[in-house]
């Protein structure tokens with residue numbers, strides 16, 4: 001945040017003393033809003049390019065150099081679309097839902113340490129905060145599905161609620177497994193612990209199992225294929241946002257991709273050392289940490305996109321069976337094993 005704070009200090013000499021207290025918050029908010037927009041737009045482009053690669057075609061390459069402006073053109077098109085809605089919809093909740101979803105996604109971005117000096121808020125319960133924020137976004141989905149007065153939207157919203165509640169347990173337990181090593185929920189401290197080696201290596205096989213469960217549960221949490229029962233096209237049309245159009249639809253769409261980035265960023269922070277370089281040179285070049293953090297995160301984002309083109313969609317009963325009969329018991333046993341490893345002092349220090 002050094003650059004942002006430097007701009008803030010420069011503004012101090014230009015503004016009256018009464019309002020200088022707001023400039024820091026305003027600059028931070030503007031920074032993260034810009035990050036949100038850029039991430040959302042180019043994650044959509046990345047998804048389309050990855051899809052094209054798996055399907056042996058080129059993908060978007062017409063608007064801008066190699067299609068880099070394609071999603072911006074799509075966003076401008078959506079801005080010009082008419083905002084339609086059903087006559088019998090609950091107007092207040094119908095209009096509130098997309099903003100609720102996108103605000104909860106934006107709140108999570110401010111907690112991540114992109115590098116040693118680039119973090120909006122370093123709270124001591126950062127990991128818990130991220131889990132909590134990721135779990136309340138489903139409220140916006142439920143509001144949107146119910147208020148649309150559409151049976152397909154309602155079914156999709158109810159599926160989302162069941163799916164989120166179920167897989168949130170596995171996300172929390174897999175992260176708790178790694179917290180046993182760090183002894184802290186503060187993201188900056190979790191990264192500092194990994195100067196002696198990534199947690200996925202320090203924790204031996206239980207850490208690898210925790211990572212695998214986390215990625216499966218995180219993919220389900222974001223309603224990504226093969227867990228996209230919320231908007232199964234052959235059954236529900238567009239799912240919970242069937243009745244949304246224009247930018248309101250785009251907000252749901254962008255929030256899904258931002259949530260995917262958040263899930264990947266949590267994994268990069270907790271399991272792979274966040275902004276720490278695997279070669280131990282990050283501290284000598286501070287801004288290099290941003291590169292390593294984003295590289296690890298986007299590799300995991302690519303992995304989640306890969307799932308979509310590899311595995312067939314699960315049925316609802318298979319989705320819940322996977323969580324309650326397999327992932328949850330394995331997670332509980334994994335926590336016990338990790339607790340024994342930490343208690344016996346067997347964690348690997350590289």
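Backbone N, Cα and C atoms are what each Cβ position is placed from, and that goes for glycine too.
Marked as transmembrane segment by TrEMBL: 25-45 (among others).
The feature transmembrane segment is assigned by TrEMBL to 92-113 (among others).
According to TrEMBL, the feature transmembrane segment maps to 125-146 (among others).
Sequence-remote contacts of a segment are chain residues at least 6 beyond its ends whose Cβ falls under 8 Å from one of its Cβ atoms, and for the transmembrane segment (167-187) they are 111-113, 119, 122-128, 131, 134-135, 193, 199, 202-203, 206-207, 210-211, 213-214, 216-218, 220-221, 227, 266, 269-271, 274, 323, 327-328, 331-332, 334-335, 338-339, 342, 347. Positions annotated as transmembrane segment by TrEMBL: 167-187 (among others).
Among the features that TrEMBL reports, transmembrane segment is placed at 199-217 (among others).
Residues 36, 39-41, 43-44, 47, 75, 78, 98-99, 101-102, 104-106, 108-109, 112-113, 127, 130, 134, 137, 141, 144, 175, 178, 187, 190-191, 194, 198-200, 207, 210-211, 214-215, 218-219, 221-224, 240-241, 292-293, 296-298, 300-301, 303-304 of the same chain, all 6+ positions outside the transmembrane segment (249-273), place their C-beta atoms under 8 angstroms from a C-beta of that stretch. The annotation transmembrane segment is assigned in TrEMBL to 249-273 (among others).
Taken from TrEMBL, the feature transmembrane segment applies to 285-306 (among others).
For 326-346 (among others), the entry in TrEMBL reads transmembrane segment.
Outside the transmembrane segment (125-146) by six or more residues, the chain places 90, 93-94, 96-101, 104-105, 107-108, 111, 153-158, 160-161, 164-165, 168, 171-172, 175, 179, 185-188, 190, 221, 230, 239-241, 244, 252, 255, 259, 262-263, 266, 270 with a CB less than 8 A from a CB of the stretch. Taking Cβ pairs closer than 8 Å, the transmembrane segment (92-113) reaches residues 28, 32-33, 35-36, 85, 119-123, 126, 129-130, 133-134, 136-137, 139-141, 143-144, 146-148, 187-188, 191, 241, 243-244, 248-249, 251-252, 254-255, 258-259, 262, 265, 269, 274-275, 293 in its own chain, all 6 or more past its ends.
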